[in-house]
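**Q** I have a structure I would like to understand better, so I am pasting it below and will then ask my questions one at a time.
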């Protein structure tokens, strides 16, 4: 099934149509995207409310299951356009899963008079969903996975973003680390507060601020659900599509230099169907390690931390930001076991860091251990 045919012969109902529209609005740079009643019920002639360019917008979805005439499309456009005035909005976005010629689009815009109007017709929607940054949305709402060529395009696009971000990386790094520390501290505070509330005995209700000694540290309490939540936290401002944030990847990927294929990749992570058991196995292994390391030497703790970091990266459970999450978990685990975090310099020398990971792939953790030991703070 192609993207075009899945859109044109819509079989997913009005609820999914409105949710797809909301996702596309995010992709197009709209803010404060607020779906009204996708599950049904009166929505006051506004499928979605949003903002862009300082204007408030009403967005409407018209996804008939069969080919529709221009007259029917105009009628639906006119009906939905009434919601602009009744909701005190200044602009209108109309999504329709039908092919429209340039002239037909102009006819629709003319129905809106001087009101700013965007018409998202079949071909425009298709092009958004087939673009590298739209593939995640397409997978979620149309159930069409990425082809090998699209995976290459996606990673090429991501690589370009990385190069662009490296230009101002140094200026922003400290601010980012402070922000990350704040988020981690918030996670710690909430985890300890929840643990205290759950383990506190009635006779201690009058004693404030004394957390029980038995509360486990966060990485010792990891679960697959917590891991996915942490992924959402650290990718909050990343620009990643909502469809992939906090969700295990559902496609095969490979790791290698630009231009590589699955045959020439440096490493091919496990397929999607193995991610849940492998990740759960890694979590259970770490819980056992964490408990046994409470009275271990510093060198033993660093060895375990190196393996903890490397094993997670080998699983590569998410489509993107695995490295960022792995470094966050490493820093937190080091704080728990050694009372020292891992500084950002851990990955500053990118070639040396990748060489250490490559050595770890062959069973040699010494380089990775050295980098951890050298960047403890």
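Cβ from N, Cα, C; glycine included.
Found this in TrEMBL, in case it helps:
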ACT_SITE  316  active site
BINDING   320, 321, 322, 323, 324, 325, 326, 327, 353, 354  ATP binding site
DOMAIN    222-374  domain 'Fido'
**Q** Counting all other Cβ atoms within 10 Å across every protein chain shown, which of the binding-site residues 322, 324 scores highest?
**A** 322
**Q** Average pLDDT across the domain 'Fido' (222-374)?
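**A** It averages 92.
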**Q** Could you tell me the C-alpha distance between residue 353 (ATP binding site) and residue 316 (active site) in angstrom, no decimals?
**A** 17
**Q** I'd like the Cβ neighbour count for residue 320 (ATP binding site), meaning other Cβ atoms within 10 Å of its Cβ, all protein chains included.
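**A** I get 21 for this one.
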**Q** Given a separation of at least six residues and a C-beta threshold under 8 Å, show me what packs close to residue 316 (active site) in the same chain.
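**A** Sequence-distant Cβ neighbours: 249, 253, 255, 269, 270, 322.
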**Q** In sequence order, what residues of the same chain, 6+ apart, have a Cβ less than 8 Å from the Cβ of residue 326 (ATP binding site)?
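**A** Result: 309, 312, 313.
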